Structures are given as C-alpha cells and as structure tokens.
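K.L.:
I'd like to ask you about the structure that follows.
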Amino acid sequence: SVGFKAGVKEYKLTYYTPEYETKDTDILAAFRVTPQPGVPPEEAGAAVAAESSTGTWTTVWTDGLTSLDRYKGRCYHIEPVPGEEDQYIAYVAYPLDLFEEGSVTNMFTSIVGNVFGFKALRALRLEDLRIPVAYVKTFQGPPHGIQVERDKLNKYGRPLLGCTIKPKLGLSAKNYGRAVYECLRGGLDFTKDDENVNSQPFMRWRDRFLFCTEALFKAQVETGEIKGHYLNATAGTCEEMMKRAVFARELGVPIIMHDYLTGGFTANTTLAHYCRDNGLLLHIHRAMHAVIDRQKNHGMHFRVLAKGLRMSGGDHIHAGTVVGKLEGERDITLGFVDLLRDDFIEKDRSRGIYFTQDWVSLPGVIPVASGGIHVXHMPALTEIFGDDSVLQXGGGTLXXPWGNAPXAVANRVALX
C-alpha cells in the first residue's frame, strides 16, 4: 500500500529520450562524456541531464507535486567521439523554465553546477550551448557593440591596436602614466591595465586612474585621434568595483575593464548595465579561463565562456592568438571568434560549433588577440581575425630596443 517504490533507479528510464523533438525555446547543451568503465553511454548521458535539472538519485514524494515532463532535462542524442575510446557527445535539452531570465550566473549554476563531480563519470566537458532566442532576449548583452564602438572612436576599416603596460606590477602611478602616454603617442589606440593590476600598495587605483587619464588626454591632443586606456575596475566587492567605474565616468575616459571570470558573472552583468547607461566601453579579460577550459576531457570549452560573456556583456574579450599554433586550433578559434561577432552562426563541427546560434541582434563583441604577439605577426593576425578585432602586443611593444614609442609606431606601420 506504499505510494511509490523507493530505491535507486536508473536515470535512463526517465532522462534518456531519443525520440524527443527539441523545441525552439530549449537550451541545448553538448557534453563530452567519459563514463566510468561499465557504465553504458545512455545511462551516463541521462545522468548528466538529470543531475543538471530536476533529478536526484531516488524517487522522492515531492516529485508527485510537479510535472517532471515539463521541467526535466532530456538527453536526446548520443554519438561516439571519433578516434576516442569510450567517449561520447551527449546532447541535452533543458526547458526554458528552469532558468532565471537575464542571469548568466543561474544558467551556469544549473547546467554545470553539480554534475561535474558525478561518480558515474570519469570526466565531463561542456563543449557548446545553444541559447534560444527567447532567452537571449532577456539579456542586455554588450554595452555598445562593434559598430557603436567604431563610431565612438572614429576608427574604421582596420583592427584596433593595444598594448598592456609592463612591468605589470611595481611601477608607480606616475611612471605608469608615462608608459601609457608613450604608447598612445606612438600610435596605438589603446593601452591596458594588466589583469592583476587592481589597487595594490605600490599603486592605488585612484592615483593610477588620474595619471592614465592625463596621459590619455595629452596623447589625444597631440595626435588628433581618440585614445583609450582600459582602466581595470575589478575589485574585491561589487560596491568597490562600481565606485571605480563611477570615478572613471567622472574623469571622462572612454573605456574601463573587468576580469569577468574571477570577478564573476553577477558583478560583470552589473558593470555592463552601468557601462551602457553611462556610455563607457567595457573591455573584458578572461583571467582564470585556462583553469576551466584547458583540459580537453573535462571542464568547459572557452566558446561556452565566450557565449556567457556576450550575454552578460562586454565590448572586447581576449580570445587567444592562433599564431604559430596548430591548424586545427585555428578553425576552432575562428569558430568562437565569429560566435562573438556575428549575428548568426551556422552549426559547423569542423569549427567546433555544435549548434546553430541566432543572436537576434544582440550586439557583438570584438575579439582581442593577445599573448606573445609582436610586429612580425601582424599579417597573419589580420588575415585570421579580420578588421573587427583588437590586436594586443604586450612585452613585444615595450621590450623593443628603442623604447615604447618607436615600437608603438612600428606596430601601427605594420598594421597599415
């Protein structure tokens, strides 16, 4: 006479539904699943769907109070990964109702929150997400986007040039400002705070903001071009971050920056809204990304983090370089670069794009090529990244034999 039978039951009975037709409003995910030996792929795929939506390990009486069919994630397709033994791509569909509108934080909590520690899996990697139009529309997205940025800066038909001020830690604010001035005066469009420059004892944020702004306006007057310096507003609390953003706006600078993974999506979205309301461009650095995306069997691919950023909001984002690496990586990098910029992306597995994604006019993000690049890489970079990009040379500019300004000139000349 018991109402239901308790006990551990197989996930695939409920959560593996190969006959399911995906809806336009579903969020779709592609997971690379490596099951433990002896666990069938359907069970592993279903376990992922369950654990990241409504499931728990047993039947509970409260299940009877909701409509599982309406709210459960479903594993609707599984395919083996060619060339890998016992590894599969599991496709999972999540009903839209499982997610809070306009919250990238909640989306990631739901999809990747728990399931990665799951015992039945040796490893799990989220390869791609398809964000439905209905969900995209609940996000503001990037504060301005590519076209508005070009209009603000009055720079057209070429990539933008930047450089990170080195040595990244240890300069006083005044010398830091001097380095900024030299680079901008020499012909770069932007200079950048390093991602770990926040507000340390040797240079407090306010002093840095003031000296960099002075350098920026001086270079602007002398060159007749609009210049920018990414003032890093990342801080220990959201309130402190906003205080820095407000101060930047009062100084009248064009752009600030944020480390969106260490700072968190919640802080980032708040900042992006502020930037749109106050006409600031927002440059995004991806510090910590390799912790999440480096392993090919476990974690999340960077294209997922990039999609999350476009929803949360940012006008530039770092996207690696591709120069001098393998050909295959090049296609994949190009895949997520286009994913950031274009309004519509076709499914293309060779470029790592598992789903067709329609961004319905959400503004685009400019990819930033940075990390170990210098003048000689320019032709390759422009070929790969095209015009809508920021090419960021760090040590490769400042370490040039005659100092920053000539090297900045060299970068500008090489570009043209």
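Note: Cβ is positioned from N, Cα and C throughout, glycine not excepted.
In case it helps, Swiss-Prot gives these features for our protein:
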type: MOD_RES; residues: Lys5; note: N6,N6,N6-trimethyllysine
type: BINDING; residues: Asn114, Thr164, Lys168, Arg286, His318, Ser370; note: substrate binding site
type: ACT_SITE; residues: Lys166; note: active site, proton acceptor
type: BINDING; residues: Lys192, Asp194, Glu195; note: Mg(2+) binding site
type: MOD_RES; residues: Lys192; note: N6-carboxylysine
type: ACT_SITE; residues: His285; note: active site, proton acceptor
type: SITE; residues: Lys325; note: site 'Transition state stabilizer'
K.L.:
Starting from Lys166 (active site, proton acceptor), work out which of the binding-site residues listed here (Asp194, Glu195, Arg286, His318, Ser370) have their Cα within 10 Å, and give them in sequence order.
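P.N.:
Asp194, listed in sequence order.
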K.L.:
Within 10 Å of the Cβ of Glu195 (Mg(2+) binding site), how many other Cβ atoms can you find? Include all protein chains, please.
P.N.:
21
K.L.:
So around the Mg(2+) site, Lys192, Asp194, Glu195 aside, which residues have their CB within 8 A of the centroid of those CB atoms?
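P.N.:
For the Mg(2+) site, the extra neighbours are Thr164, Ile165, Lys168, Asp193, Asn196, Val197, Tyr230, Asn232, Met257, His285.
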K.L.:
Just the number: how many Å between the Cα atoms of Asn114 (substrate binding site) and Glu195 (Mg(2+) binding site)?
P.N.:
29
K.L.:
Starting from the Cα of Arg286 (substrate binding site), work out which of the binding-site residues (Lys192, Asp194, Glu195) are within 10 Å.
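P.N.:
Checking each Cα against Arg286 (substrate binding site), the hits are Glu195.
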K.L.:
Please list residues from the chain of His285 (active site, proton acceptor) whose Cβ is under 8 angstroms from its Cβ, counting only those at least six apart in sequence.
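P.N.:
Listed in sequence order, they are Glu195, Asn232, Met257, His258, Asp259, Tyr260, Ile317, His318.
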K.L.:
Tell me which of the binding-site residues Lys168, Lys192 sits in the most Cβ-dense spot, judged by other Cβ atoms within 10 Å.
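P.N.:
Of Lys168, Lys192, the one with the most crowded Cβ is Lys192.
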K.L.:
Please give me the CB contact count at 10 A for Asp194 (Mg(2+) binding site), counting all chains in the structure.
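P.N.:
There are 18 of them.
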K.L.:
Rounded to the nearest Å, what's the C-alpha distance separating Ser370 (substrate binding site) and Asp194 (Mg(2+) binding site)? Just drop the number here, would you?
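P.N.:
Spelling it out, the Cα of Ser370 (substrate binding site) and the Cα of Asp194 (Mg(2+) binding site) are 12 Å apart.
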K.L.:
Whole-number answer please: how many Å between the C-alpha atoms of Thr164 (substrate binding site) and Asp194 (Mg(2+) binding site)?
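P.N.:
Counting only the Cα atoms, the answer is 6 Å.
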K.L.:
Reduced to three states, what secondary structure does DSSP give Glu195 (Mg(2+) binding site)?
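P.N.:
Reduced to three states, the DSSP call for Glu195 (Mg(2+) binding site) is coil.
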